[in-house]
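Taken straight from TrEMBL:
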- K37: active site, proton acceptor (ACT_SITE)
- Y271: active site, proton acceptor (ACT_SITE)
- R135, M319: substrate binding site (BINDING)
- 250-379: domain 'Alanine racemase C-terminal' (DOMAIN)
- K37: N6-(pyridoxal phosphate)lysine (MOD_RES)
Amino acid sequence: MKNTYRACAEINLDALKHNIQEIQAVLGDTKLMCVIKTNAYGHGSIVLARELAAMGAYGFAVATVDEGIELRNNGIIQPILVLGFVAKEQYADMITHHIMPAIFTYSMAKDFDAVANAMHTVADVHIKLDTGMSRIGFKSDAESIEATVQGIVMINSLLKNIRIDGIFTHFACADCEDDHMTFKQLKRFDNVIDRLEENDVHIPIKHCANSAAIIKYPGMRMNMARAGIIIYGLYPSDEVDREVIKLEPVMRLKSHVIYVKTVEPGTTVGYGATYVCQRPTKIATVSIGYGDGYPRALSNKGRVLIGSQSWPIIGRICMDQLMVDVTDADYEIKQGDEVVLVGSQGSESIPVEEVAAINNSFNYEFVCDINRRVPRVYYRDGEVVDIVNYLR
């Protein structure tokens, strides 16, 4: 890759492979559905989908129809499930591209069936149950279960142009220390499935385990599990046992020094003059900012790595640049030097969790926020194998 003195996100495909092997080792015969919504949590959905398919992923979960169509247009043939809401106007596109919706009302199923009928085909769907998130999904509490079961029975028996391929729910607290809520949700999920089978509705694929549940609850993996954040080498919370699956972060966010100068005491730095130099200060300007997805909340709080040493961010982070105090460097820091904002450099590292904590956020949000202005550079065995520049 040419050094353009801007930012890039390096994606380590060897780390990705390691993580998938760790996940597959605990899943055994359970199918692996990889969640690659939001551009594969910022890692680049097209390249990662191809890699994950080659590693044995059964299918992919996305949040929108367009995310699914993008995968199809780039050669992905595995099953694709849209986890979120889909407007009726998108049903035909879903059917054309063999993308499955999450059905959560009878009327939605009826409308989807009508479109499939008009297209002279039978389309696969998954049933979404709300067992405790209070988002989309058929209700599954004691007062609602009979109506839900009868609705799904009607979908199965009356709607001839859709086939129920799977049924699933999503855990609210699988990454928490207290497991009460998770077992409550599992019981509701199991109750619906039991009642459906009593009504001779046998759904092939059942899935409820997310990343945290894959780690914490072996008995909840069923015959398919949905892995999201753990694919990318990040843990869903501090409450999960990191010895069960040993992950390696896939993304390293880096930039370069673009200018170095020394200023006098009393000089202010950045918008709002929030930092005042107390001594002669050597400032390195770095070509990344909140316009790239690096949080402005790290102003005067965050740090970067240059030359395998840690240096503090001073002043407010700008849209396209930030400033670092390198006064105490015992070597020359110069234009073009690599700057690591997340990840390792030599023996030093800045974990995503550290940056996210300063931002009052969490690791999911940070990687998802790295935007399309930042090229993704893919490495295998230390060599660049692909580059995705979304602006070209």
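The count begins at 1 with the first shown residue.
Cβ coordinates are placed from backbone N, Cα and C, and glycine is handled just like the others.
Automatic prediction, not curation, is the source of TrEMBL annotations.
Taking the features listed in TrEMBL, we show where each one sits on the structure.
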residue : record                       : contacts (Cβ under 8 Å, 6+ apart)
K37     : active site, proton acceptor : A61, V62, A63, T64, E67, L83
R135    : substrate binding site       : H170
Y271    : active site, proton acceptor : G315, R316, C318
M319    : substrate binding site       : G289, Y290, G291
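With DSSP classes pooled into helix, strand and coil, the tally for the domain 'Alanine racemase C-terminal' (250-379) is 23 helix, 52 strand, 55 coil. Across the domain 'Alanine racemase C-terminal' (250-379), the model assigns an average pLDDT of 98.
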